[in-house]
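**Q** To start, I am sharing the structure in question, which I have written as structure tokens.
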């Protein structure tokens, strides 16, 4: 029957991976400590952005209130970080958001998440490699770029870079070799560079508070006119706004916070170390929370020091810290800043490259990508094929492409992963306690769910009879969470695309928003009333279901800010991914193999019963 075939196909797309409780055997080496994970998270998150981003946001968007922007962005990132921390305690495996999605919402969503994580890591690696090359070239007087532009320039504007970046190519190959040596060796290099970076940032913060002037947080129109009279290039001055600590108002803080949010992207690489951490159920939650805290204090301190040292409208977005030290009379400090910047870029590059082969390895081991990518080196216990292949792809992109137009794709992939992890935490917390099940047990459970769901009443939605999760309450939360994802997406789309008529008092759009909010609140109340799981974990997200839902809303809203061109490129990337999944992954999935084995056992059992009766 066509309907039965369609139903079986749908079940394949939504089948979930089953896992043993606790730490399972792994082919990777468990060698990473909590300190290693903190260094990896800080190094990946606290990249070169801390040396550039603060100047850009302070000059044009927020002024001295950039410190509030970083606080708001940190709170938003912590919401996603807490969800990752709970999953790290619950599912200590490689794969990060990919695996979390596979366990909770099914195979198709898991592949979508993993495929986008790969894109994010590849583009992140390539763009940071080119930034490292550019920073080093700038430090030595731009001799490399001048020579390459004159000899091997690429004349394909809007597609390729101005010249092939041999330095970035070699850098990615060098770090690929380092990653292939082993996780502990990579962690040692990361710790050294991260320590140097933090020392430099400490120097910047202390120097800024010593040389800073509180009057730079109280600037007025007279100060601005005086600056215009003293400078020869008035075009280099940014806007004054209204002056004071919040010169661009509450709207400026929100716009600045949206930009600063991306400064905290990167901590999720910690979640890919589930099979290499010595005690992942404890180390991963601690690593995520500590690394985000360190990054917040670093961003907060640097932005405070920067806006104290120099008026915000005189900051230079390309090199704010060297210019600030020049303004205060400490020009020689630019060399200290340059060393810190290169160390930050190095750790950021390692932070992008380290999780990439782990996600590929996890997907290949599950059969969703080609099995050869799951091959482990017997000596170093690293996913050698995935490491080399991902390194070659990233090196090729860094060598030829100008990646400024593709960087927004990183954001879509990362934000999608954050959203799915949040919704997975929400779903799993309300599921009944259960051990790993065989295929027959899972089919029996599905039949029980179907039988019990017939007894579900409207009163039972708001006043459940049981104080512990049941199959019925778990299904209620699963369905409600899916509806919430759709409604929150619709709300964010309306707010992002039709915000102007909404603010101007358009009755139609106000009515739409109110209806969406009423539906969302009603569904949240239904979820809130369901019993939660009492399984003891090393870490649990507080204030369920509200914190994950706020995280989902923030992530989806930021995704809706992307341009149509970015979404078109995202569609092309997903088309390539779905071609691989429906052409290879759906047939070679480990869950598909298990399903076929169960079918063969079932047929053999039926045949033996028939023979016995005859």
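Cβ atoms are placed via backbone N, Cα and C, with glycine included.
TrEMBL does not curate its annotations; it predicts them automatically.
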**Q** In TrEMBL, which of 384-403, 444-463 is tagged transmembrane segment?
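**A** In TrEMBL, residues 384-403 carry the label transmembrane segment.
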**Q** Output the single range from 166-183, 409-428, 476-496, 566-586 maximising the number of Cβ pairs under 8 Å to the transmembrane segment (384-403).
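**A** Maximum Cβ contact count belongs to 166-183.
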**Q** Tell me, what is the mean pLDDT of the domain 'Cationic amino acid transporter C-terminal' (539-589)?
**A** 88
**Q** Counting Cβ pairs under 8 Å that are 6 or more apart in sequence, does the total for the transmembrane segment (286-313) and the transmembrane segment (508-529) reach three or more?
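**A** Per Cβ check, the transmembrane segment (286-313) does not touch the transmembrane segment (508-529).
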**Q** With pairs 6 or more apart in sequence, are the transmembrane segment (97-123) and the transmembrane segment (508-529) linked by at least 3 Cβ pairs under 8 Å?
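**A** Per Cβ check, the transmembrane segment (97-123) does not touch the transmembrane segment (508-529).
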**Q** Which range out of 31-53, 166-183, 253-274, 566-586 gives the transmembrane segment (541-560) the most CB pairs under 8 Å?
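**A** Out of the listed stretches, 253-274 contacts the transmembrane segment (541-560) most.
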**Q** Counting by DSSP secondary structure, give me helix, strand and coil numbers for the domain 'Cationic amino acid transporter C-terminal' (539-589).
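**A** When I sort the residues of the domain 'Cationic amino acid transporter C-terminal' (539-589) into the three classes, I find 39 helix, 0 strand, 12 coil.
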**Q** List, by number or range, the same-chain residues at least 6 past the transmembrane segment (166-183) whose CB is under 8 A from its CB atoms?
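**A** Here the qualifying positions are 28-29, 31-32, 125-126, 129-130, 132-133, 136-137, 144, 148, 189, 273, 276, 349-350, 353-354, 357, 377, 380-382, 384, 387-388, 390-392, 394-396, 398-399.
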**Q** Cβ under 8 Å, sequence separation of at least 6 from the ends of the transmembrane segment (31-53): give me the contacting residues as numbers and ranges.
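**A** Counting only partners 6 or more residues beyond its ends, the transmembrane segment (31-53) has Cβ contacts under 8 Å with 128, 131, 135, 182-184, 187, 190-191, 193-195, 197-198, 201, 259-260, 262-267, 269-270, 273, 276-279, 282-284, 286-288, 290-292, 294-295, 298-299, 302, 317-321, 337, 340-341, 344-345, 347-348, 350-352, 354.
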**Q** Is the transmembrane segment (409-428) packed against any residues at least 6 beyond its ends, judged by a Cβ distance under 8 Å, and which are they?
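**A** Tertiary neighbours of the transmembrane segment (409-428) are 79-80, 83-84, 86-87, 90, 96-97, 100-101, 103-105, 109, 112-113, 116-117, 119-120, 123-124, 127, 262, 265, 268, 477-478, 481, 484-485, 527, 533, 541, 544-545, 548-549, 551-552, 555-556, 558-559, 562, 566-567, 569-570, 573.
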